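Report on one structure; see the data block that follows.
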Amino acid sequence: MMCKGIASDVITYTSLIHGVCKLGKWKEATRLLNEMVSKNIFPDVCTFNVLVNALCKEGMVGEAEGVVGVMVQRDIEPNTVTYNSLMDGYCLRGEIGKAQNVFELMLSKGSMVNVVSYSTLINGYCKHKRIDESMMLFLDMSHKGLVANTITYNILLDGFGKAGRIQDAQKLFSKMQACGQHPNAQTYSILLDGLCKNRQLSRAMQLFGEMEAKKLDINIVIYNILIEGLCIAGKIESARDLFCGLSSKGLQPNVRTYTIMISGLCFAGLTSEAENLLIQMEEKGCSPDGWTFNTIIRGFIHNKQTSRAMVLIQTMVEKGFSADASTMELIVNLLSKDEVDPALLPLIK
């Protein structure tokens, strides 16, 4: 670096290590760490935190623990960022007990716990359907004078929705606004998804109306959630209206949008329209993926249109995609009834 006129200091090395970690080049990160030490440029807590955080996000918590061990050996005290990264790593691996131990260690050290610490552990509990424990943490955070941010609320709203506790989610959404936290696009998409998945479609449409009235940025993700909710509820006409109105809103359907509509049309028995939409999708420059093909193939099979399904299987394979587990199960079932050509089986494996 010196020959290029770049001064070698701890900030420069930390930035370089951060860059190579983002690329997953762990050996290069280690080499840079050793290089800086050999030049008597000693890594500080920020340098080590970059390594710990990157390793934890990759699920390499054991290696991250090793880095923390080196920190302690060098008399560099791990800080809140270090421990938050470790907790996140444990939660990603489902090791909630270890994350809880780190959290308790932070509490024992006094003022180390912050909103990120609580949100990280709350997220871990929510991901494993331990919603009541996550709410206890949320209340504990408030009692300690820490103010939950939008991220914290989004985590809890998602947890409630996935656990089927949609009334609790709506109460929390109201509390969020009463406490002065403004819902963002992700907040609305989380709540809409929870409402749709829990068959609260009228409330979902009401919430969507509120978003429109507030002139909030309604992106394709939110439309996808609503279109899927309408399709699942059998309201294919309403789903079609939303889908067809996207261009007037300045939005273009993506692969997920098309696949959701294709699934809904097949579910309604409108397989010809689904096939036309598949053709239209490609004509508009949106290439179907494996999920799209598997969706329409299953739709044809469920609608007893085996020959059309077989044609699409061949098309799917030609485009480099393969049958997923659900599609394979249906095809094997058809094979057992001699309803398809066994010669197709090698194509879809």
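Cβ atoms here come from the backbone N, Cα and C positions, even for glycine.
Residues or ranges marked as repeat 'PPR' by TrEMBL: 9-43 (among others). With DSSP states grouped into helix (H, G, I), strand (E, B) and coil, the repeat 'PPR' (9-43) comes out at 26 helix, 0 strand, 9 coil.
Annotation source TrEMBL lists repeat 'PPR' at 44-78 (among others). Assigned with DSSP, the residues of the repeat 'PPR' (44-78) fall into helix, strand and coil as follows: 26 helix, 0 strand, 9 coil.
Taken from TrEMBL, the feature repeat 'PPR' applies to 79-113 (among others). Secondary structure of the repeat 'PPR' (79-113) per DSSP (helix as H, G, I; strand as E, B; remaining residues coil): 26 helix, 0 strand, 9 coil.
Below 8 angstroms of C-beta separation, residues 80, 83-84, 87-88, 90-91, 94, 96, 99-100, 103, 106, 155-156, 158-160, 162-163, 165, 168, 179, 181 of the same chain, each at least six residues beyond the ends of the repeat 'PPR' (114-148), sit close to that stretch. Taken from TrEMBL, the feature repeat 'PPR' applies to 114-148 (among others).
Marked as repeat 'PPR' by TrEMBL: 149-183 (among others). Long-range neighbours of the repeat 'PPR' (149-183) within the same chain, counting only residues 6 or more positions beyond its ends whose Cβ lies under 8 Å from a Cβ of the stretch, are 115, 118-119, 122-123, 125-127, 129, 131, 134-135, 138, 141, 190-191, 193-195, 197-198, 200, 203.
TrEMBL lists 184-218 (among others) with the feature repeat 'PPR'. Cβ atoms under 8 Å from those of the repeat 'PPR' (184-218) belong to residues 150, 153-154, 157-158, 160-162, 164, 166, 169-170, 173, 176, 225-226, 228-230, 232-233, 235, 249 of the same chain, restricted to positions at least 6 beyond its ends.
Here TrEMBL flags 219-253 (among others) as repeat 'PPR'. Confidence in the repeat 'PPR' (219-253), given as mean pLDDT, stands at 95.
Per TrEMBL, repeat 'PPR' is recorded for 254-288 (among others).
Annotation source TrEMBL lists repeat 'PPR' at 289-323 (among others). Residue counts for the repeat 'PPR' (289-323) under DSSP, helix first, then strand, then coil, are 26 helix, 0 strand, 9 coil.
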For the repeat 'PPR' (254-288), residues assigned helix / strand / coil by DSSP: 26 helix, 0 strand, 9 coil
